[in-house]
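Here is the structure we will look at.
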Protein chains: 4
Amino acid sequence: MHIMVTNDDGIHAPGIQALAAALGELGEVTVVAPDRERSAAAHSLTLHSPLRVFEIRDRFFAVDGTPTDCVNMGIHRLLPFRPDLVVSGINHGANLGDDITYSGTVAAAMEANLMGIPAMAVSLATFEASEHFSAAAGVAVRIARQILDNGLPADTFLNVNVPNCSADKMNPPLITRQGRRSFVGTVIHKTDPRGRTYYWIGSDEPDFNDYEGTDFYAINRGHVSITPLHLDLTNYDSMKIVSGWNF
Amino acid sequence: MHIMVTNDDGIHAPGIQALAAALGELGEVTVVAPDRERSAAAHSLTLHSPLRVFEIRDRFFAVDGTPTDCVNMGIHRLLPFRPDLVVSGINHGANLGDDITYSGTVAAAMEANLMGIPAMAVSLATFEASEHFSAAAGVAVRIARQILDNGLPADTFLNVNVPNCSADKMNPPLITRQGRRSFVGTVIHKTDPRGRTYYWIGSDEPDFNDYEGTDFYAINRGHVSITPLHLDLTNYDSMKIVSGWNF
Amino acid sequence: MHIMVTNDDGIHAPGIQALAAALGELGEVTVVAPDRERSAAAHSLTLHSPLRVFEIRDRFFAVDGTPTDCVNMGIHRLLPFRPDLVVSGINHGANLGDDITYSGTVAAAMEANLMGIPAMAVSLATFEASEHFSAAAGVAVRIARQILDNGLPADTFLNVNVPNCSADKMNPPLITRQGRRSFVGTVIHKTDPRGRTYYWIGSDEPDFNDYEGTDFYAINRGHVSITPLHLDLTNYDSMKIVSGWNF
Amino acid sequence: MHIMVTNDDGIHAPGIQALAAALGELGEVTVVAPDRERSAAAHSLTLHSPLRVFEIRDRFFAVDGTPTDCVNMGIHRLLPFRPDLVVSGINHGANLGDDITYSGTVAAAMEANLMGIPAMAVSLATFEASEHFSAAAGVAVRIARQILDNGLPADTFLNVNVPNCSADKMNPPLITRQGRRSFVGTVIHKTDPRGRTYYWIGSDEPDFNDYEGTDFYAINRGHVSITPLHLDLTNYDSMKIVSGWNF
C-alpha cells in the first residue's frame, strides 16, 4: 500500500506532519508538498516557469509550487510507484461550501482524481491555534481505510472536514452535500511608506446557510463531514432554460 | 447598463481588447484585468500579499493579481456601480471539459457568480495565432444580450467556447454539458547552467472523449458551445454509496 | 554606432522612452529593459530561474528580470552586434551618494562595464511627476557623444544626475565624487485583514552631507553631476591598519 | 556583546548554523535571515511589497526578503538592542573580486556599515558540498574578536574568504585588495513544453587574474583573505580626465 500526502499550508505545517505520521499505519507514505504556504491556490498549475524539488528528508519532498503542481511532481516523477491513495491536508481551517473552489487542499485531491487515483482532502475546522490535529489524523486514517477497502465510487473524491475537538467528543461522520455561503467580501486600501496605494482583499468570517444536509450543518454540530465531490460543474437544470433562448 | 470585463491572458492581450470594444454597444464597459498573463491561475485568490492597481487608460485597470483578484478589486473598489454583467475573456485557447477547473478565465466568472452578478466566460478554441477574435466578440455580444434580456437561471453562469472561424462559417450555438478529458500528463526534467535540476509540468494536447452533448463535441463540429455551470461539486449519486460505509 | 538602452523603472516608463528617442540621433538604438518596475534591484542577477523575452515592438525587448539580467540578455543574445555604448535610465529620481549601491539603474551600467563596454547611468533628480525628461535626454546625448569621441578612461563608467529643469535653466556639468548619506531608516508594521503582521521598510527623504565636490552638492545647486565610478570597493587606507591586527 | 547574523543562502543553510553557533562564545547571537536562498541578490531592497517575519525558534527570525531587508528588519525592528557587530555568512562559495557586487552576503555587511554598525561578510571558497564550515566559523570568530577589540577603521567593513580546508591546513590571513575577474558570460536558450523559448544566464567558473595582493591570489594559495571595503565607488583617477571633456 502506497500513500502520497500533500497540502497547501506547506511541508512544515503541523497538519501534514500529523497526517503523514498517522497514515504510516496503513502503508508507505511519501510526502510531496509546497515549500511554503499556498493557501487559496485553488487548482492553479505552474505552466510558465519551472519547478524545483528539495528532498528535505527521506520521503519528504518540498516543491516550490502549488498543491496541484505537487501532485504532478509526485505522480509523474518522484514516487517510485503509482500510489493507491492521495490524501491532502490536514488543512488548518475548514474547507466548506463554495469556498472549496478556492482551496488548494481540495484541488490537490481533485488533481489526483483527474489522474484516476483515489483521493481525499482533510481539513480541521478551526482558525485557532489548533490542538486537535492528531484527532483529525485519526479520522483521516479511518476514512482512508474505508477507501482502500471499498474503493471510491466512479468520478468521486472526498472532501472531509473535522471538528476541532478530541476524538471522544466528536460526533460520528455525516455524508453531506456542499453548502452555500452568504458572501460578503471587501477590499481595503492603505498607503505605503512611499505614498503609493495598495489593497488587501478582506475576508469576513464566512457565513454559511445552515441548511440540514450540508457540510456546514454537520461541522456546526460537531460531526465529521464527508462530502463526495466530482469535477462536473454542469448545471443540468439550467440547460433546458438556456436552450430556449433566442441566439 | 454597466459591464465589467476581465481575463487571464492579461490586460494587453488581443482577446480582451476585442471583447471590451464589442461589448461597448451594450453599455458602459470597465476593464479590470491582470497586468500580465495568469493562465492556469484557477480560482486562486491573493490573501497574503497586497495588490496594486494601475489605471493604464480611462476605464482600463491593471491589477498585479489573478483574475479572481480582479473581480474583487473591480466590484469592491474600482467600479462606481455594481455591474449588470461580468464577462471574462476572450481567452486564447479553449476551456473545455475538466480543464475548466484550472482556468482563470472561468474562475473570474465563478467569482462574479458567487457575488450574485450574472457572468460568463468566453474562450476562442485555438492555440494558433488567432485571427478570429472579432467574430468571437460578436458571439459574446449576442449571448450577453440574451443574459441581459432573460436573466440567468438561479445559480448559473455560462462557459462559452467559440470555434476559430469567421462568423459566416460558424455553426449555431449548442447548449452543452462539461466533457471529460483523457488525461495523460507528464513532467520533464532538465539541468540548469549551475548544474541543478529543474522540472516542467508538460502537457500533451488534451484529448477529450468525443461524446454527443459535450462542449468538446460541439466545438469539434464548428458550433459555439454554451455550458451552464454552477458551483456545486457534490456528487449526489455517490452520497448513498458512501453512506453505506462502516466508519 | 550601436547603443543599448535599459533602465530599472520598466520598459513602459517615460524616462526610457525619452532617452531611446534622443539617442537615436547618435546611432541605432536597441532597448532591452525590465517588463515592470525593478527599483532598488541593485546588481542582482537571476541565476535560479529562467527569463522570458517579449519583443513589444521593433528593437524594444521586455525581459521579466532585473536591469543586470537585461544587460546580459541584450549583449549575449538579443543584440546583433556588440554595442558601442550602454546607457541606463533615465531614472525617475536621483541616484546619489551611497544610495547608488541600491540602484538598478547604476547596476546596469556596472554590468556593461564588467563586460568591457562603455556605459553610463542617467537619473533625473526629482520624485515629483517629472516634466523634464527631454531636457535630461538632451544632456545624456551630449555626454554620450563625449564618451563615443574620447573613450572612457580605463575601469570607468559614469553616473550622471540631472536637475529637474529646462535646459536653459540648468547649470553646466560638474565632475563629482560620490557623496555620503546621513542614514535614518525605519521599519513600520501593520496588520493585514487576516490578523497577521506585515512590515514595510520605510524611507525618509535621504539626507546627504552637502560637501563641496560631491554629486549631491552639484545637484543641489542646479548642476548636472557626472561621477566617474569603478568597481573597486577596496578601502586601501584601511589595509595597513587591519594588517596590524593580531589574528 | 550582541551580534546579529544573516546570510543569503537562507536561514536553513549549514553555513549560517555553524556561524551562529560559533559566535555564541563572544556574546548573544540573533539570527535574522532570508527564508530561502537569495543568491546574487546584491544590495537589493524590497520597497514595493511588504515583508513577513517568522520566528522559527528562539532568536532565529526568517524574513521573506533579501539579506539587505533582513538587516533593516533586524536593526529597526527585531533586535532588542543595537548590535555591536553584524556578521553575514558563511556563504557557500567564495565572494571574490568584482563578483562581490552581485553578492547578497557582502551587501548585508554593506547595509550594516551604512547604519554605522561594524560588519563583515564571510564566505567559504568552494562550490563542492562543503565539509569545512566549522573551520571557517572558527576563523570568523577570531576576526570578529579583533573587530570587537580594535574597532574597525572609519568607513570600513570586511570581506572575508576562507579556503575550504581544516584549520591546521589553512595558511594565515592576508590583508588583500579586491581582484579583477576575466569575465566571460553567456546566455543559453531552451524551449518549454508549451513551445515557448526561455533563457538562462549561464556562468562559467569565474576566472580571476591571479595578481599578488588580491583576494583571489590569497585564496588560491590556501590563505584566509581579508579585504577591507568601503562604499565609495568613485574612480578618483578618472575625475581629472573626464574634467577635460568638452560638454
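Think of each number as a place in line: the chain as shown, counted from 1.
Each Cβ is built from the backbone N, Cα and C atoms, and glycine gets one as well.
Within 10 Å of the Cβ of A:Asn91 (divalent metal cation binding site) there are 28 other Cβ atoms, across all protein chains. Annotation note: A:Asn91 (divalent metal cation binding site) sits in a strand segment as assigned by DSSP. Under the heading divalent metal cation binding site, TrEMBL lists A:Asp8, A:Asp9, A:Ser39, A:Asn91.
For A:3-183, the entry in TrEMBL reads domain 'Survival protein SurE-like phosphatase/nucleotidase'.
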Surrounding CB atoms that lie within 10 Å of the CB of A:Ser39 (divalent metal cation binding site), all protein chains: 23
Binding-site residues (A:Asp8, A:Asp9), the one with most neighbouring Cβ atoms at 10 Å: A:Asp8
Filtered A:Asp9, A:Ser39, A:Asn91 - binding-site residues with C-beta under 8 A from chain B: A:Ser39
Additional residues around divalent metal cation, ordered along the sequence, whose Cβ is within 8 Å of the centroid of A:Asp8, A:Asp9, A:Ser39, A:Asn91: A:Asn7, A:Gly10, A:Ala13, A:Gly15, A:Glu37, A:Arg38, A:Pro67, A:His92, A:Gly93, A:Ser103, A:Gly104, A:Thr105
